[in-house]
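What TrEMBL says about this one:
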type	residues	note
DOMAIN	153-313	domain 'CP-type G'
DOMAIN	162-311	domain 'EngC GTPase'
BINDING	Thr201, Lys202, Ala203, Asp204, Gly256, Ser257, Ser258, Gly259, Val260, Gly261, Lys262, Ser263, Thr264	GTP binding site
BINDING	Cys340, Cys345, His347, Cys353	Zn(2+) binding site
REGION	384-418	region 'Disordered'
Amino acid sequence: MNHNDQPQVYHLDKQDKVEVDINVMPQAEQENILAPPAAQGFSLESLGWDERWSEAWTTWKDALPEAVARRFGNSLVPGRVAFAHKHLYRVMGEGGESLAEPSGQARAAMLEPSDWPCVGDWVAIAPRPDEGRATIVGVLPRRSLFARKVAGDRRDAQVVAANADVALLVTSMTQDFEPRRLERYAALAYDSGATPVIVLTKADQVADPAELATFTAEAMSAVPGCEVYPVSAHTGEGMSALQALLAPGITCVLVGSSGVGKSTLANALTGTASMETQATREDGKGRHTTTHRELILLPNGALLLDTPGMREVGVVTLGGNDGHGLSHAFEDIERLAASCRFQDCTHQHEPGCAILQAIIDGELDASRHRSYLKLQREYAYMKRSEDEKARQQHQQANKQRTKAYNAMLRDRRRHKPK
């Protein structure tokens, strides 16, 4: 941007005068915000709406505060978030596409980062036809929420996508293939509420059928009971079977490290070149391509959420899931644990441990056991962190209440008749 250029500012809310300068956005996100909105409308069903969402909509509207109901009246309509940048959104609905932002009241109720809308969310919007914009009044309760640990030492969770029915865990059949990473992805998917499905890409680079069978078997062992689809986006191998899985109205989210072919797979599913792709480095490490999130309608009627490559995969306890994803991803180990001699068995050194015996008998891979213990520790750490955060928030709330009460007493004493 030239320093002499005037910033192109979008006002998020006239009353609160919140602004976003789009010139500081990455180029791809600028293009997405500035792209002309689709003039044609979308049927809600084509966006994934069903009877359950209709019931959720009615329940949500019935619970609206009286002041909000008076302000927006019957103007509220449902829409689905297709793109997000900070607090500016592109929403799809029966009236077409609209740029939208939360109202001041809605923002005040969004106390945590996860409370804000994200791609895939169903939101209640009040269209502003004269401006070609809309106001987001609220977010419908989510059926699923996909989040990941923020890279580094921070304990925060980054919301990635909402209301995904299926999580496509994408990994390539190259030197990047790592079963332990698939276990982590599966735990995250189960925690989100989505059903994990493993997609093994770059099948065209595996000439030996026996090697292909080995990759498939290792993936199935990493996430028992999970469907596995070896595919090649370049040759089309396996794509028809994967597309058949994605029925009309089903929302899937692509999850995978950089360089495993997520964007290439997205292009094959959409039948377009909507996602920029980059070559993988010689060492198999990926170059990041997708830097924003989009909700895309597929030709067969399904919907696709494409996410940035996972720079760091860590467990999160968003929504108080208490680690049920770990139990789902390691069902085989959990079943063995039920047969341990001691109920508080740590599965590391105790006599009568069914898990250790399974390793000795060759029925369980020792590396899978180590992965299970490591993830178990991470879940326990995150749970403790969440409990500590809740305790601190409770203390802060008590301080605020005490401060307000003392201020009230001082005010009464000041105005007490003498």
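Even glycines carry a Cβ here, placed using N, Cα and C.
Per Cα geometry, His347 is the residue among the binding-site residues Cys340, Cys345, His347, Cys353 nearest to Thr264 (GTP binding site). Taking Cα separation as the measure, Cys345 (Zn(2+) binding site) is nearest to Gly256 of the binding-site residues Gly256, Val260, Lys262. Distance from the CA of His347 (Zn(2+) binding site) to the CA of Ala203 (GTP binding site) is 37 Å. Residues listed for GTP, Thr201, Lys202, Ala203, Asp204, Gly256, Ser257, Ser258, Gly259, Val260, Gly261, Lys262, Ser263, Thr264, cover a largest CA to CA span of 19 Å. Closest in space to Thr201 (GTP binding site), of the binding-site residues given as Cys340, His347, Cys353, is His347, taking the CA atom of each residue. Taking a C-beta cut-off of under 8 angstroms and a sequence separation of 6 or more, Cys340 (Zn(2+) binding site) has the following same-chain neighbours: His347, Glu350, Gly352, Cys353, Ala354, Ile355. Counting other C-beta atoms within 10 Å of each candidate's C-beta, the binding-site residues Cys345, Cys353 are led by Cys353.
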